[in-house]
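Visitor: Mind having a look at this structure? Questions to follow.
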Amino acid sequence: MIPFEKYNGTDNDFVVIEAADATTIPNLSEFAVEHCDRSDGLGADREGATTGADGVLVLDVDADAEPVRVEMTLYQPDGGTAAMCGNGARVVAAWAHERTGETDFVIETGAGDRAATVEKAESGEFVVSVEMGEPAFSPGDVPLAESYDEPIIEEDIGELTVTAVNTGVPHAVAFVEDVDAVELDAVAPATRHADAFPEGANVNLAAVDGDGFRQRTFERGVEGETKACGTGAVAIAAVARRLGHTDEDAIRVSPPGGDLDIRVPDEGPAILRGPVAFEYADRVDPLGDALGGGF
């Protein structure tokens with residue numbers, strides 16, 4: 001049996017396993033497919049727990065580094081890996097804080113190193129900020145198909161009118177009047193798999209909401225809607241500025257899981273800030289079922 005922990009960042013939930021323990025898992029992709037399943041995955045028989053997860057985070061911490069460094073690998077529910085996940089990175093920082101007591105970290109991701117800072121609220125909940133890199137609209141950075149020599153800015157791709165941006169992973173953002181009026185699971189796949197995106201794209205709906213924006217995201221790799229997506233929230237904020245929906249650099253974006261605070265400066269990396277919560281810890285057989293009703 002190996003230990004694992006369950007965390008969520010604005011209800012974007014992850015199974016966390018240390019890299020040393022993960023070496024006993026024969027196939028991490030298959031492990032993620034099985035245990036992230038929302039119908040009978042991790043937590044299905046555990047009272048009060050959500051079933052499955054949005055991904056499995058495999059973490060290797062270097063506590064002797066200054067600041068502490070954590071190598072992050074995210075296995076998604078379809079068995080693939082993602083270069084970057086904003087809420088996942090925030091979970092990594094909260095987990096590392098509990099391990100080391102430190103508050104500042106460098107998270108090593110497939111999209112580059114990301115600095116993160118952890119605060120702890122009076123409620124005991126973590127509030128974590130993470131640098132997200134600079135949003136990129138150029139065809140080579142998103143990336144777009146070779147036929148594109150200009151950015152995709154409010155173009156019809158699939159069934160949505162979208163703007164394409166990379167915030168660590170590729171995103172397509174569609175501004176609509178009401179995010180709840182759109183059947184996201186029905187319209188998103190055509191854009192997610194469009195020829196314009198050779199690596200595929202996460203698909204986001206955004207709508208003006210007072211001085212902020214509402215968000216719904218269909219995630220690549222999850223192949224469905226998630227309650228929050230950090231890279232998607234940053235994508236919405238960056239596109240909102242690009243299209244003139246706001247001239248502020250501090251922007252609130254609200255997915256179903258709760259509010260996220262985004263900063264998109266004229267120069268330098270975007271910042272993603274929001275809550276992280278610990279759910280529970282348990283043990284799992286790397287070859288099969290969990291101990292103590294975890295599955």
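Even glycines carry a Cβ here, placed using N, Cα and C.
Pulled these features from TrEMBL for this protein:
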- CYS85: active site, proton donor (ACT_SITE)
- CYS229: active site, proton acceptor (ACT_SITE)
- ASN12, GLN76, GLY86, ASN87, ASN202, GLU219, ARG220, GLY230, THR231: substrate binding site (BINDING)
Visitor: Give the sequence-ordered set of same-chain residues, not counting ASN12, GLN76, GLY86, ASN87, ASN202, GLU219, ARG220, GLY230, THR231, with Cβ within 8 Å of the centre of the Cβ atoms defining the substrate site.
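Guide: In sequence order, the nearby non-listed residues are ASP54, ALA82, CYS85, GLY88, VAL169, THR217, VAL222, THR226, CYS229, GLY232.
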Visitor: Taking only the Cα atoms, work out how far the residue listed as 'active site, proton donor' lies from THR231 (substrate binding site), in Å, as a whole number.
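Guide: The separation of the Cα atoms works out to 6 Å.
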Visitor: If we count other C-beta atoms within 10 Å, could you say which of the active-site residues CYS85, CYS229 has the fewest?
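Guide: Minimum Cβ neighbour count within 10 Å, taken over the active-site residues CYS85, CYS229, occurs at CYS85.
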Visitor: Please report the DSSP secondary structure of GLY86 (substrate binding site), reduced to three states.
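Guide: Its secondary structure by DSSP: helix.
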Visitor: Between GLY86 (substrate binding site) and CYS229 (active site, proton acceptor), what is the CA-CA distance rounded to a whole number of Å?
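Guide: Checking the Cα atoms of GLY86 (substrate binding site) and CYS229 (active site, proton acceptor) gives a distance of 7 Å.
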Visitor: Only counting partners 6 or more residues apart, tell me which same-chain residues put their Cβ under 8 Å from the Cβ of ASN202 (substrate binding site).
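Guide: Within the chain, ASN202 (substrate binding site) has Cβ neighbours under 8 Å at VAL169, PRO170, HIS171, ALA172, ARG192, THR217, PHE218, GLU219, ARG220, CYS229, THR231, GLY232, ALA235.
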Visitor: Among the binding-site residues ASN12, GLY86, ARG220, which residue has the fewest other Cβ atoms within 10 Å of its own Cβ?
Guide: ARG220
